[in-house]
Amino acid sequence: MNQYPAERIARARVLVVGDVMLDRYWFGEVDRISPEAPVPVVRVARREDRLGGAANVARNVAALGAQVTLIGVVGADEVGHRIERMAAEEGVRTDLVSDTEHPTTLKMRVLGRQQQLLRVDFEQHPEPAALDGISAAVARQLAQHDIVVLSDYAKGVLDRVESIIAAAVGHSLPVLVDPKGDHYERYRGATLVTPNRAEMREAVGRWKTEDELAERAQRLRLDLDLEALLVTRSEQGMTLFTDAGRDHADAAAHEVYDVSGAGDTVLATLAVMRAVGLSWGDAMRWANRAGGIVVGKLGTSVVTAAELAGEST
């Protein structure tokens, strides 16, 4: 694989649109069981916040050295303000829509001895007025970017994804989608869709052989008018389907510690590498390496340009 294209990446402009959320971690020690119920008592010693969902995709793009703008919905609350501050600190430009009726999506995890004990989610779908704001923000930003990434976590921001794809295609911009659910018709006309193994099974059913997977993947790709379809397959690596056929990269992870946000890292790396003109195959291999690095980290994390460049030497 070629040398890390740092200079070209610095000029790349990536627009990320999707479900923005905050991942909040409470770390502590467990030394007893509650007398109120048979559950562990965690003495919280440290709290850490990380950008999640589409915001994690954006921070991964920034960590690789590219320019990035994030569009999403936040509430008029502490969590929303925290996301805006953290995004700025990580080099992510934002064009966020404020929904005063609903809270910002928050995923709170409680960990003891580095093991996750509990996750609590706070979320509601945005109001139609907020979705109007998303459409307006996309219209403002498209002309200033080279590629569009849609990060769908089924929280409602991409309920009008068809119109966003159409607008991007109207500006001759590639559209990369991390999908959710089994209604893939919504993503028709995008450039690439990146389902994981479970999502692919949900969309096309189970397969028994690689040939059967290839047949179903190519049929789905052609039905949706996609240029490429990438199936991420955990320990089996990732498989790319295009007009040229099937291409595969074996898993690159040295040690799997936490898979949270790994798909975000893969999507961000694909977008950056395609924005600078790399082929689908080369972009997939860079993304595979990035995914292999990030699963060795705890929680939603990023892969830096230095880490990825080091892996290529």
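The first residue you see is number 1, and the count goes up from there.
Cβ coordinates come from backbone N, Cα and C, glycine included.
Listed in Swiss-Prot:
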type: ACT_SITE; residues: Asp264; note: active site
type: BINDING; residues: Asn196, Arg197, Ala198, Glu199; note: ATP binding site
### Asn196, Arg197, Ala198, Glu199 excluded, remaining Cβ within 8 Å of their centroid (ATP)
Pro195, Met200, Arg201, Glu202, Val231, Thr232, Arg233
### Message
At 10 angstroms around each C-beta, which of the binding-site residues Arg197, Ala198, Glu199 has the fewest other C-beta atoms nearby?
### Response
Ala198
### Message
According to DSSP, does Arg197 (ATP binding site) sit in a helix, a strand, or coil?
### Response
helix
### Summary
Going by C-beta under 8 A and a gap of 6 or more residues, the same-chain neighbours of Asn196 (ATP binding site) are Val231, Thr232, Arg233, Ser234, Gly263
#### Entry: Neighbouring C-beta atoms (10 Å sphere around the C-beta of Asp264 (active site))
31
### Task
For Glu199 (ATP binding site) and the residue listed as 'active site', determine the Cα separation and express it in whole Å.
15
#### Entry: Cα-to-Cα gap, Arg197 (ATP binding site) vs the residue listed as 'active site', nearest whole Å
15
### Task
Take the C-alpha atoms of the residue listed as 'active site' and Ala198 (ATP binding site) and report the distance between them in angstrom, rounded.
16
